[in-house]
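Features as listed in TrEMBL:
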type	residues	note
DOMAIN	3-77	domain 'Cation-transporting P-type ATPase N-terminal'
TRANSMEM	50-75	transmembrane segment
TRANSMEM	81-100	transmembrane segment
TRANSMEM	244-263	transmembrane segment
TRANSMEM	269-297	transmembrane segment
TRANSMEM	685-710	transmembrane segment
TRANSMEM	716-737	transmembrane segment
TRANSMEM	758-779	transmembrane segment
TRANSMEM	785-807	transmembrane segment
TRANSMEM	819-837	transmembrane segment
TRANSMEM	857-877	transmembrane segment
């Protein structure tokens, strides 16, 4: 449709066959989905597998090695050249498989971040995937939602959008429904909302005009160049470390080559191949890829725990979290609210147990509360559809109790059609609707008791409206506190009549009305108290946090007494403060007190940012949960932003690092546990690769410096690189976390992966392995092939033993990682194949191709005996610097 903004809503609806009450029919929507395709932008394609494969051979050293092997081939060393190229090819295949799996894992994680849209179809309000939207759909727009398509508005209740994604303008734009003149820029199309922009406040209804690549953002997407893949901080550090080690290895390789050329028995090409093979095998250029693999495997495990990682760096820092700032409703509590009590006409009524309340034809008490419960429907945006209640959990509870008393929801909202509304916000803490009631208007409001009571000048008592007195206010606040102490979430309700001034509907304040006119001189009606019980597993999870040195802070917009009651029940110390009290503290005063405060009540999003800044200034690693549009700045300010997958808005999800797919606090704890496991697995991974590579370099370098023949031939080095740096190393990435990992201080997981202590231990063990292997070579070098075979096999065997020793440092059960034992078994079996398998290639046995000979029983007794001694010594060394499993300082407990 061309220029929908110049047409009236009725003209747009007629052209797209949209019924303003029922929306599109399912059959028509299906036809249009086939015609226009799914509502999604074409993303950058993943890496082409063929390009990914060939990229494994683009490393400068690998190219030199291949070139040198080809020269060697033409000089007559055909077998050596063939074997070198064959192993380089095998290494490339293994590397490709690793990279491809990581690429697939990352792409699959991206696909899991989906968004849904509310709309009308076949006369029912429903929620569908935004991908299924088609032109003509009648879509509901709400605060915090990412606009799913280009939409012509038909209703606008205080609707504003942030269009920075499209126009670069970050100021909210107010939206209208009137048609506009021709030739208006996108920024001035105030009756349109565009895909990719964000609803910052209010509510609206509109007809989808364009979807997918036909939207304005889609047109821009066609021109956008491919973005580069993000690199995590740990990858950058390890990339730098790999570069430093690479330079050292290249220097050693150069010395080895020169020594062999001038003093050894190899010619230039052979010496070049030896040096380059050493560099290829020993330079840890794959360290950043190691991190990616570990993070990708970790994020897949986290997904099984219902935590979706949006940003890989979050998985790196999860383990070091020492403060979790958490919303109460739906995260610490069930989020399944039910109205338990009501206060009206000076009495508290138990709505669950009082006889007659849920019998619509019973007179008496039911008559007295009916009006209050009807206000719960009229002052809410939640609605019933196909027997289900769609909307916010609080409003759903209000509608459910009204339905339970026999109130007809559809009949009521049809009797009082909505003209406009003043939406709820975390700063206003109230919501107001204006409804048509015959020739006049009816105003209904709900909100926090202290806020709404300030706007009331009258009160209804037993059907009569009288002026509200100070005694009435004191009584109402006393009842409010009494309910709050019983862990009830309390909402107040008020109303008034309003003369119809005329004017258009769908505007925030029709002509003749101001917001103050609407929300003043209200008549107080009563209170409804809702119970949202704590989740059964939360108390245990908070105890786990305490043991792990993690402090849990509750942040809520609820009444202080409600918050303290829930906090006490689940094990959070109730040192508390309200948002108003927080406003009175200077930054210096708050910084002194923030370590003692664990419960924040009646706060708004600005308070959350202040809390985060104060905690971070004290060097805390802070995780923050959020679900609303106004939580986005706090989620970004935190070290780890955590959005709710069920109740969270699109904006909060896009601002987060992690999405909780089940909205449970326990999932955060499991995510921290997994984050700690990821950190330790990366540490094991790096420890293994570096210690093995250093050992290989030292063995070659020292042997050459003392005038010995090369203990390892180029083909041996490349084979070792293939069988030890592949499966066994990756298997460490799927190691289960140790059972006591949540008993360690968070500070342990904030340490650099490679620090001074790590390097000292690694160099000591690498040196010890080097001495053992050179001792074996020195003992047997008189028979050079036999000695080289022993060293070749010893390196493979002892690197497998090194893996076992590394795992023992973490007190993991020996056989807890079946994949690791499979990988170790494969590496050893492949090595035995080389030594003993009686097959030939082009008339040459494997032993001839690898220049080895079978080892005898005495050889194996020696290798295994030395290996056992090495294992014991490595365990002694690592036990001198054990993993800290207990708390070394008093935890900032909850």
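Using the three backbone atoms N, Cα and C, a Cβ is placed for every residue, glycine included.
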Per-residue pLDDT averaged over the domain 'Cation-transporting P-type ATPase N-terminal' (3-77), given as an integer: 82
Stretch with greatest number of CB pairs under 8 Å, the transmembrane segment (819-837) reference, 244-263, 716-737, 758-779, 785-807 candidates: 716-737
Cβ pairs under 8 Å between the transmembrane segment (758-779) and the transmembrane segment (785-807), at least three: yes
Contact between the transmembrane segment (81-100) and the transmembrane segment (716-737) (at least 3 Cβ pairs under 8 Å, separation 6+): yes
